[in-house]
């Protein structure tokens, strides 16, 4: 029995945009579209011999709801099936050219069964958004000159239920919102929530590019979580993975019996490191699929930013491959020109349709102008992760403080390229897995020195130009390496050193948000000035951060466990400089050394300035000082 095809949702213009690769709203056209009488189904399977919808509503019979191919050569099969209701489970039964029958999940499904089950579910949202105030002001909160302190988390292992069960979107919403607000973060970044069959992939092996994972609840439950965060004034960034997809039989791989979403040649279509499939960005319909996925999360879920995973693997044809294992582009080079074109189209569409949103590239190479506009030849991302800063900083802090003077260039080098891109400074989940240990475990010395060292790293990070990203558990110094099984070690907060570290992060966030000098010119060299970058002997750095109106914050970093009294620094302004933050304060678990609230300048020239400060530098500590004249300025 054929499904009826009396009311196609696809116009000729839709088909044109689909074939051109520029359709960004396919989630309204393809997949399962419910109404009161049933559902319209449409699926792209150009090489199939036959396609049927099978599901709980027709006893999984492959002859009960047979779809018909459109007569326009688009490769889309469609039809209306009566009696389908929200929550019904279904799949496509696809007869391949060789006679094989594949049962596939719907690529455009907006809900799915809880893994390991693999069926799609019919869905229509009933959520009523209450985040109008956030959405109206989002462009300001998300601007490149605004503070970004991003709390990265894996939803399934942040907190668990008392019985150890996975949390629910709806249940965790008030806890998460209250936590990030209390500790001063401006945004959360959720590791991928698109449906994925293997929990241990953390969401990075996606099968459902339009479906929020059912492990934590329904799509409306996720909307409730995002709504709650927005109402608390917290932005939401979502990890999105257009770089590859898994080869699970129910997913996109060989969808209609042919290599439809991926390349047929394994040198182009198979990822040797991840054992996954690579999208064929040269196929326009695939680009429209991915573009629609990105816009779906922004429009239907009010996501404020997309962190695009593994961009480097998209840009290079030889990524993870040896000589002879890859196919050069038409010019003989290793650049993936189709992926470049797709990323530019993606960013063009996002910033055109959602100017208050940011796209953030996880890109680990020196590809030029990743976060520069399209009109100057860039890829068009809003920001890019600074992997060089992360590697150099962690390498420096791993060294015994006694020997850091021999590695001083590691900690100063990042400033030389800090303004080439719009950088995010990431201490992400990638640095606390696969045997790398925890952040606190990377610090040398005894327990006191480890906590002092991590406070110093965070102080340096929050003072350094660039937006901030910290993975959950780092804020209180979890000692165990992160695992997706179980929750964070919340119990360690009963210990003063862990609680003190979290208090330090909270105060860093507060100062960072309050002081324009610490965030307004993150991407402009006018916002940074060295006082002294060359004191390698003492492992001391000192610099100024500046706002547009000239307000300043002085930052001094002492990366050895030696108190340094009578340390002289030249400064640009005479008068009293208040010690706004000191990571060695007893409140944070430090020794209490410092400058009794601040220091008055003396007319002694130093470091190119006519006046100077004589300071006590606490051990393994970072100081933030603010001139008294700037304390009274509301826009400083």
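If you go along the chain as it appears here, the first residue is 1 and each next one adds 1.
Glycine is no exception: its Cβ is also placed from the backbone N, Cα and C atoms.
In the three-state DSSP reading, residue 309 (active site, nucleophile) counts as coil. Just so you know, the Cβ of residue 309 (active site, nucleophile) picks up 20 other Cβ atoms within 10 Å once every protein chain is counted. Among the features that Swiss-Prot reports, active site, nucleophile is placed at 309, with the record citing sequence analysis.
The annotation active site, proton donor is assigned in Swiss-Prot to 362 on the grounds of sequence analysis. Around residue 362 (active site, proton donor), a 10 Å sphere centred on its CB holds 20 further CB atoms from the protein chains shown.
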Whole-number Å value for how far residue 309 (active site, nucleophile) lies from residue 362 (active site, proton donor) (Cα to Cα): 5
